[in-house]
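Here is what TrEMBL records for this protein:
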DOMAIN    6-222  domain 'Alanine racemase N-terminal'
MOD_RES   LYS35  N6-(pyridoxal phosphate)lysine
Amino acid sequence: MNVAENLETIQTNIRQACERAGRSINEISIIAVTKYVSIDRAKQAIEAGVEHLGENRVEGMNEKYDEIGQDVQWHFIGTLQSRKVKEVIDQVSMIHSLDRKSLAKEIHKRSDRKVPCFVQVNVSGEESKHGLEPEDVIPFIETLRNYENIEVTGLMTMAPYIEDQEKLRSIFRELRTIQEEVEAKEWSHAPCKHLSMGMSNDYEIAIEEGATHVRIGSKLVGKEF
Ligand SMILES: *Cc1c(COP(=O)(O)O)cnc(C)c1O
């Protein structure tokens, strides 16, 4: 496992996906998802040039943050229990898993600054996936306007782990359609210009379909200590 080599390969693939889609690579943030791996591996990623780390558990983020601190931007990408918000709120740059009002309320209450949040959407309709149903997204975001410490920076989805490229593409495309609808509302609390979508299995398609934040774990930092 050579993280620097992996990063180079991923950057090349991203550059090519951007060219196919007529986009600039500067629009894309690569989030290295370090939930499966050690602090040392996370440090290797930073040495290789990674500027964003993603964790899906509060304990995992706390542990790595203690060692690494503000050298990178931290992204919380997993299910977040309201009672644990206070344990990560001062560490996170962005939260990718806003999916209910009680969580929004807690983020607003615990933060002393505006926190960019992605609203998570269950586009694929899989039972196991968290997130709002597509038709609930706009009404939900509308209810967040009084939480001044929340800025809806964009939408996030997790695609199922499948090979069917066209199915994956249609999921990403649907998220983008909803994102554009929210953006068109021009709500000041919800600029909603970003799309957090694409993981190891599907980041190139996600970028072709408009992803601005890709969350890559196994293909970048590996899957085990
Ligand atoms: C684990 C995880 C990822 C990264 O998964 P890989 O397939 O290893 O790239 C991305 N996003 C979320 C929300 C995750 O939980």
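Every residue, even glycine, has its Cβ placed from backbone N, Cα and C.
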PLDDT averaged over the residues of the domain 'Alanine racemase N-terminal' (6-222): 97
Cβ neighbour count within 10 Å of LYS35 (N6-(pyridoxal phosphate)lysine): 19
